[in-house]
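*Asks:* Got a structure here, written out as structure tokens. Questions coming.
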Amino acid sequence: MLCRLATSGRSSTKFIVPLACLASRQKHSLPDLPYDYGALVPHISAEIMQLHHSKHHATYVNNLNVAEEKYKEALVKGDVTTQVSLQPALRFNGGGHINHTIFWTNLSPSGGGEPQGELLEAIKRDFGSFASFKEKLTAVSVGVQGSGWGWLGFNKEQGRLQISACANQDPLQGTTGLVPLLGIDVWEHAYYLQYKNVRPDYLKAIWNVINWENVSSRYAACRK
């Protein structure tokens, strides 16, 4: 987005760095869940969902707003050192907000089963079968060291689906170029209260609440 600057003389319009636009930018906010905290029981407990959404995601949103405000001030001052120093906070909290906003819509109390239509055909084309895809995404998610995410993404350049893992809160598209379709959060706060340190049990359960309608909609949108 660019802001216009009116000037006198032959060149009546110039474009400048959008500092004024930044000043009027609305702050990020925590999105509402499309279901109740207890809607995913028994696969994900209400306590986990409440803490995950109202505490963890809310913290990413708040910290992102703080980091962006500081970045805006640094831009106004021309303080490049501060701009650079804020990059980790923007990446971590911005990624956390992006990832969780996708994650909540990827889940549904009426989810589970297999996708239909074009998404299922693409999965069969790129992974051999739905069972093979499920096994591969589960293995990648289990194998994330420490905290991070397992992802199904779409490679626009190659026109195919890909599985990937991202560390911490790194956003899939911002770090790999893949368009995010389905994300599985494997930070311990996503499952520890219910599954303790047994991540494979959590991953086995989460397939019962995957919202394939949402994933299919994302797949259709990124191919337009």
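The backbone N, Cα and C atoms fix where each Cβ goes, glycine too.
Okay, so TrEMBL annotates it like this:
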type    : residues                      : note
DOMAIN  : 27-108                        : domain 'Manganese/iron superoxide dismutase N-terminal'
BINDING : His52, His100, Asp185, His189 : Mn(2+) binding site
DOMAIN  : 115-218                       : domain 'Manganese/iron superoxide dismutase C-terminal'
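Describe each of these features in terms of where it is and what it packs against.
*Replies:* Around the Cβ of Asp185 (Mn(2+) binding site), a 10 Å sphere holds 25 further Cβ atoms from the protein chains shown.
Sorting the domain 'Manganese/iron superoxide dismutase C-terminal' (115-218) by DSSP state (H, G, I as helix; E, B as strand; all else coil) yields 54 helix, 24 strand, 26 coil.
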*Asks:* Taking each of the binding-site residues His52, His100, His189 in turn and counting other Cβ atoms within 10 Å of its Cβ, which one has the fewest?
*Replies:* His189
*Asks:* Can you give the mean pLDDT for the domain 'Manganese/iron superoxide dismutase N-terminal' (27-108), rounded to a whole number?
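*Replies:* Its mean pLDDT is 97.
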*Asks:* Around the Mn(2+) site formed by His52, His100, Asp185, His189, list the extra residues of the same chain whose Cβ is within 8 Å of the site's Cβ centroid.
*Replies:* His53, His56, His57, Phe103, Trp187, Ala190
